[in-house]
Amino acid sequence: MENQNRQNASQCPFHGSITNQSSNRTTNKDWWPNQLNLSILHQHDRKTNPHDEEFDYAAEFQKLDYWALKEDLRKLMTESQDWWPADYGHYGPLFIRMAWHSAGTYRIGDGRGGASTGTQRFAPLNSWPDNANLDKARRLLWPIKKKYGNKISWADLFILAGNVAIESMGGKTIGFGGGRVDVWHPEEDIYWGAEKEWLASERHSDDGELEHPLAASVMGLIYVNPEGPDGKPDPKAAARDIRETFRRMGMNDEETVALIAGGHTFGKAHGAGPATHVGPEPEAAPIEAQGLGWMSSYGKGKGSDTITSGIEGAWTPTPTQWDMSYFDMLFGYDWWLTKSPAGAWQWMAVDPNEKDLAPDAEDPSKKVPTMMMTTDLALRFDPEYEKIARRFHQNPEEFAEAFARAWFKLTHRDMGPKTRYLGPEVPKEDFIWQDPIPEVNYELTEAEIEEIKAKILNSGLTVSELVKTAWASASTFRHSDKRGGANGARIRLAPQNEWEVNEPERLAKVLSIYEDIQRELPKKVSIADLIVLGGSAAVEKAARDAGFDVKVPFSPGRGDATQEQTDVESFAVLEPFADGFRNYQKQEYSVPPEELLVDKAQLLGLTAPEMTVLVGGLRVLGANYRDLPHGVFTDRIGVLTNDFFVNLLDMDYEWVPTDSGIYEIRNRKTGEVRWTATRVDLIFGSNSILRSYAEFYAQDDNQEKFVRDFINAWVKVMNADRFDLVKKARESVTA
């Protein structure tokens, strides 16, 4: 028996205190695949972060010898390493691709993706087919990251390396803003598509519309298939995909042409041999590969024998120099269709002059043909793109400026307002895509704040109206790209003042009263501040009426944006098609309402307890869209009680679905309909995790705790976009 036990132990060591973490174990998700995913609300908590709790990246960045770092990066560009030699002796094109692909995952639909958290280090991005061999670029950067340590994040280093690469080859940039803070594990909240295979594309409707909120047209690609849609070499069809993808990144036609032409002025594509020679991506590579993937058995497996995209060749005869040769080649030749040594569709110039041949990546004395991708020829054969491209070709300075500006936008679009930018190269110019807000120059004393709150509460506006307006203004914030929020009071402006969810007629009435109050005040106070202060005053009143005398923290200093500072088309994507906090849903969707609530909470940067307490509080405060009764489980509307949770959990009631999708809350004995609810309301009693929070807040001894937690979560949302407060606090510490 003892020998048998020893044998069993040697076969399976997972017993006792050792837990089997292998992928073949059964998880809750396996048992219940439709289980609500709340983990996205806690994906970046302190437990995953190795820094001390008081670590402040912005403060560390201020200690950085920025110019020394740029010089080290400049030297790196031409310090070719035998383990991964630089094409043409210059790593610049590789680092441009790395930076571009870090930033290029951004999409305006939900603000997710982009360069601001350094997630190219993690799955799935580190193993996307389109990011093949960028693991080598990151390894080349490691000695510099090691040297400068906490003073420069990976996220900032990726983009700065791209900037230095452009500058080192004669290209123009207009600046750099630091401030991107690394995360320490993948961002699980981002939906990259439903496909189960790399390079598959099942994301278009029958009429060809790309699924919201995706921007890339193919799973595992940053943008579009360079060989053409579905691998078909049709430049005009490729132009349609390009236009839609870049539009969903927030780029117009001119910016699109500038980026493609400017980026392809440098470097080459790699397809020296069949893809069968290429090993697994980093996440699938053997442990001894130490995180490096795509190791190739073709020839030397590097240099001129490299296989990456499968397309082979440089675009220009001068692949490490900023010039006009991309357009010279694009418009100077006819192009014939062929396949690369790897079998990918590409185009070759007809009868090229010897001066227009490119150098070999390893041997500059050897000349090789250039090529164009199907997506490059889209710039020649799409009428609108062609107009822009020919204009750039005739105006080199305009092209250089357009590329520099588009590159800055590409690499900074997901950073939010300019107040977050760090470093000596931040451009002085304000850009419309940064959602600029005028600075304010007033301060308010506590006495003045109390006086304004009294005016607001005596204005005839109800607690419900004040809370609704403040929530509508602040809850546009997206933690993903730091856009939206109460600062700027853009709820006064198009398009927000026309959104259905904001009840335009009621909103106009509330704003009119705020404007009257503003005119009556002895000093200029922004409407943005008044909206938030009004909501805070209403919450205080509601808490007092519940028996709790509390203060809602308020920090003045918000500005009022103008319509001229507001890009209507850009802000249109912030319109919520569902807001479970207001029990609003524009129409029926394939995604359940409770999942849309969790997604909204994640974009607001909320935890599951914060989401729970806010929903419960907003219901009893009467914040529902158009005063819908669903989920308002109280007879004391406008009073900040825990009634939502108490009545949700009361076993005197049963919950009965109706044909309209609404649920009736009926007395079990009499059958009387007491309340109505949506799935968003019922999920707090149905989901075991959310029910545990609901039970916590329903306890008799947690009524005050509920009020205080609601206020903390409320203030978090109201101040979500107040990066100026963070900046001022940092400056006061360093002063």
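These residue numbers are counts, starting from 1, taken along the chain as shown.
Placement of Cβ uses the backbone N, Cα and C atoms for every residue, glycine included.
According to Swiss-Prot, the protein carries these features:
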- 1-26: compositional bias 'Polar residues' (COMPBIAS)
- 1-29: region 'Disordered' (REGION)
- R97: site 'Transition state stabilizer' (SITE)
- H101: active site, proton acceptor (ACT_SITE)
- H264: heme b binding site (BINDING)
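For H101 (active site, proton acceptor) paired with the residue listed as 'heme b binding site', the C-alpha to C-alpha distance reads 14 Å. The residue listed as 'heme b binding site' is 10 Å away from R97 (site 'Transition state stabilizer') when you measure Cα to Cα. The local packing around H264 (heme b binding site), expressed as other Cβ atoms within 10 Å of its Cβ over all shown chains, amounts to 24.
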